[in-house]
């Protein structure tokens, strides 16, 4: 099933998670064109991203490290990019560490695209899940899910998840079809608690801790029941959620080109609040996410 088409179930995605508008970016004055696999955008690394290649494994005492070399020009990205993704399990805590080195300046923004339903396999929806995200702002998006360049306050909106909300009732209250938005976190290199999900009926809780500045919250809006999983169970719309710790979507896009993207005039340089996604040869990419599971 993983060799056939699926919506990134459990996969590491990259080079750049989420969307890059028109698949274009500029580094050091040179424009690069990526393959387009999401309408007018490049999504999760392009047509053959990190989720569609074989990685080399190294078994560790309480985990596993996967490595791959993405060659210069793969999917349009510059540089030979070495990537290590290490999973470590200790009690109820799963640690996912991402490291990367490059031979040329290149955008890098991997994430894990696991889908969760704390009610268990075969549960039809996540409406009875309680969700909270430690964030004061989010990125509004346009019709193609590209951020509009604005960092908006969550106060008074359906994106205010600073206190636990019951997901189904919250979507109804704010007339939302679901979430597929980046929630803006603190920009710090320290480990921070960024989100909690609780399932009252089972007592299961998942905490997300991370060093990343963003966490796109996705409620499985595009699941349509066509895929069958364990026990021939199907996965319909809103049957799982993703909390994909990463940098902000579309951060490497050439902002001077955005005036022609259908979103109106944009500033000539990236807004200073958009975190940098460019990795240079003299630097190392290193970010970690911790998923902490418990049951009352």
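Each residue, glycine too, has its Cβ placed from N, Cα and C.
Those TrEMBL annotations? Automatic predictions, nothing curated.
Since this is a predicted model, take the numbers as computed values, not measurements.
Residues annotated as beta-D-galactose binding site in TrEMBL: 18, 19, 113, 114, 115. Within 10 Å of the Cβ of residue 19 (beta-D-galactose binding site) there are 24 other Cβ atoms, across all protein chains.
Cβ environment of residue 114 (beta-D-galactose binding site): 9, 10, 242 lie under 8 Å away, each six or more residues apart in the same chain. Non-local contacts of residue 115 (beta-D-galactose binding site) by the CB criterion (under 8 A, 6+ apart in sequence, same chain) comprise 7, 9, 10, 220, 235, 240, 241, 242. Within 10 Å of the C-beta of residue 113 (beta-D-galactose binding site) there are 21 other C-beta atoms, taking all protein chains into account. Neighbour density for residue 18 (beta-D-galactose binding site): within 10 A of its CB lie 27 other CB atoms from the protein chains shown.
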